[in-house]
Amino acid sequence: MKSDRPLLAVLRGERRDPPPVWLMRQAGRYLPEYRALRAEKGGFLELVHDSAAAAEVTLQPLRRFGFDGAILFSDILVIPHALGQDLRFLAGEGPQLSPRLVDTALEQLAPVPARLDPVYETVRLVAGALDPAVTFLGFAGSPWTVATYMVAGEGSREQAEARRMAYRDPQAFGAIITAIEQATIDYLDRQIQAGVHAVQLFDSWAGSLSPDQYETWVIAPTERIVKALRARHPDTPIIGFPKGSGGKLPAYARETGVDAVGLDETVDPAWANANLPEGLPVQGNLDPLALIAGGAPLDAAIDRVLDAFAGRPHVFNLGHGILLDTPIERVEQLLARVRKGG
Ligand SMILES: Cc1c2[nH]c(c1CCC(=O)O)Cc1[nH]c(c(CCC(=O)O)c1C)Cc1[nH]c(c(CCC(=O)O)c1C)Cc1[nH]c(c(C)c1CCC(=O)O)C2
């Protein structure tokens, strides 16, 4: 049967006019209804672990805006948590993982895979409640990006600790990558079994690696994840989002085997269109700051993205997550512009 989900159809290689649209981090702090529920539950991780609340947060932006995609409400750092690190989100400070692998060996962690069970329950709840035209996206972080947090124990400048370990002790670092990779394959497999239609791999720090390190720690693990998932779920598209990859994007697209590539806002869409494999679906790549600015510059920036990708399957999105001070009206302006274009 032909899919009646436009976003899923585009990820499978069809072109749709206007393009389907969703926004990275579309569930979150810019929404008053999100902030209210988070306050009620006591914090971000509490929200993630309460499946009914996480399902509600997943659906909030759909009710308000009618996006074509719903993205599971969770975080990429639930994998380190399941691998045995303690995870805390301190208000205003960002995530903290302990012990950090810069000074503790991976073997000293005791994995707790049951920590992921609430996420699968969230997927089931959302899948049962979703409009039939909406595509449900699962996600995970890519091994490289997740490793940067596991090694440093927090977000770090230029991912220096992980990059240093990758040079000094590639064996130990490779073992961390392998552990994340295997947990990620199982995690995404189970999200798909629970009801997501497609998955996205967030590689937020892909841009910090030199070319040979990029091959080893971004392309190769992504390729192995894609192969393993495709063997189990040949019809479930995989979006790769290797933020900051710039000129390495064509190699990423060719070598990893992902079904679609997410582009960040620093990529010239005309260049991407000319240099990525013909017919490969792309996702992106409006500057989140243009969305905050609004007005005529926002319309012009949207049109530039739409025009550049008019000849290939395209999912309209931001180049990175929506910022927390984004006014609701700007999202409405974006949707009106994207949907009347095409
Ligand atoms: C690097 C990374 C993380 N998490 C994520 C990434 C990759 C994408 C990117 O680069 O943005 C991915 C992520 N995080 C979250 C989602 C949910 C789905 C979505 O709406 O896109 C997704 C897909 C929820 C979240 N994850 C987080 C929040 C904010 C928590 C809160 O409510 O205060 C949300 C809604 C917290 C988080 N989580 C992370 C950080 C560094 C932080 C703190 C900084 C910040 O708040 O932006 C790790």
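Every residue number used here counts from 1 along the chain in the order it is shown.
Every residue gets a Cβ built from N, Cα and C, even glycine.
As recorded in TrEMBL:
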BINDING   ARG25, GLN26, ALA27, GLY28, ARG29, ASP75, TYR149, SER204, HIS320  substrate binding site
DOMAIN    20-29  domain 'Uroporphyrinogen decarboxylase (URO-D)'
DOMAIN    137-153  domain 'Uroporphyrinogen decarboxylase (URO-D)'
SITE      ASP75  site 'Transition state stabilizer'
Site extent for substrate (largest Cα pair distance over ARG25, GLN26, ALA27, GLY28, ARG29, ASP75, TYR149, SER204, HIS320, Å): 23
Neighbouring C-beta atoms (10 Å sphere around the C-beta of ARG25 (substrate binding site)): 17
Distance-selected recorded positions near ligand 1 (C-beta under 6 Å), from ARG25, ASP75, TYR149: ARG25, ASP75
Tally of DSSP helical, extended and coil residues in the domain 'Uroporphyrinogen decarboxylase (URO-D)' (137-153): 10 helix, 5 strand, 2 coil
Cβ neighbour count (within 10 Å, all chains shown) around ASP75 (site 'Transition state stabilizer'): 19
Under 8 Å by Cβ from TYR149 (substrate binding site), counting only residues of that chain that are 6 or more apart: ILE76, LEU77, PRO80, PRO95, LEU97, GLY155
Distance from ASP75 (site 'Transition state stabilizer') back to HIS320 (substrate binding site), taken between C-alpha atoms, in Å: 15
